[in-house]
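Look at TrEMBL and you will find ASP7, HIS8, GLY65, THR66, GLY67, ILE68, GLY69, ASN98, ARG108, ARG131, ARG135 tagged as D-ribulose 5-phosphate binding site. Among the features that TrEMBL reports, active site, proton acceptor is placed at CYS64. Sequence annotations record features per position, and here TrEMBL assigns active site, proton donor to HIS97.
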Amino acid sequence: MLALGADHGGFRLKEAVKAYLDSAGIAYEDFGTDSEASVDYAPFAVAVARAVTSGKAEKGILCCGTGIGISIAANKVKGIRAAVCTNAFCAEMTRRHNDSNILCMGGRVISEETAVELAKIFLETPFEGGRHARRIAQIAEIENGER
Ligand code: RB5
């Protein structure tokens, strides 16, 4: 299961990703928002992030105007590696090297078509492990040392 969320700036991208997931028969839960009316992004970020860290969702996709604010908020949840991606290369590499568990995208930055392309890549690309696992462990160590 995937967890989806967006603010008003990312609403259209979220809806485009949902249409793709429906057509591909991929299960998801939509944590909102449900329109282009202005809302704050942090509550959507935390809802999706906690769905991922609790194991309820395997991965998450979050969208705001730039993808940045919602990624910063999601990354405050322990265990989240949320990555803002604007192209196919970044979407692939953040799975291969960062084992990212949330893809973030910006509705004022990329098209709906690109968002679907990046979502597909993000969902289909495995983590490479190896030396990258050591680097992820170092990130977790930093996180565990913070109070
Ligand atoms: C909302 O106007 C906008 O600030 C938000 O969608 C996002 O881009 C923040 O990073």
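Keep in mind that glycine also has a Cβ here, set from the backbone N, Cα and C atoms.
Where TrEMBL records a feature, it is marked here on the structure.
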residue : record                              : Cβ contacts under 8 Å, 6 or more apart
ASP7    : D-ribulose 5-phosphate binding site : THR33, SER38, VAL39, ASP40, TYR41, PHE44, CYS63, CYS64, GLY65, GLY69, ILE70
GLY67   : D-ribulose 5-phosphate binding site : GLY10, VAL84, CYS85, THR86, CYS104, MET105, GLY106, VAL109
HIS97   : active site, proton donor           : GLU128, HIS132, ARG135
ARG108  : D-ribulose 5-phosphate binding site : GLY9, GLY65, THR66
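ARG135 (D-ribulose 5-phosphate binding site) carries a helical DSSP state (H, G or I). With a cut-off of under 6 Å between the Cβ and any atom of ligand 1, the recorded positions ASP7, GLY67, GLY69, HIS97, ARG135 reduce to ASP7, GLY69.
Note on the binding-site residues GLY65, GLY69: the fewest other CB atoms within 10 A surround the CB of GLY65.
In the three-state DSSP scheme, GLY67 (D-ribulose 5-phosphate binding site) is classed as coil. Its own atom aside, the Cβ of ARG135 (D-ribulose 5-phosphate binding site) has 13 Cβ atoms within 10 angstroms in the protein chains shown.
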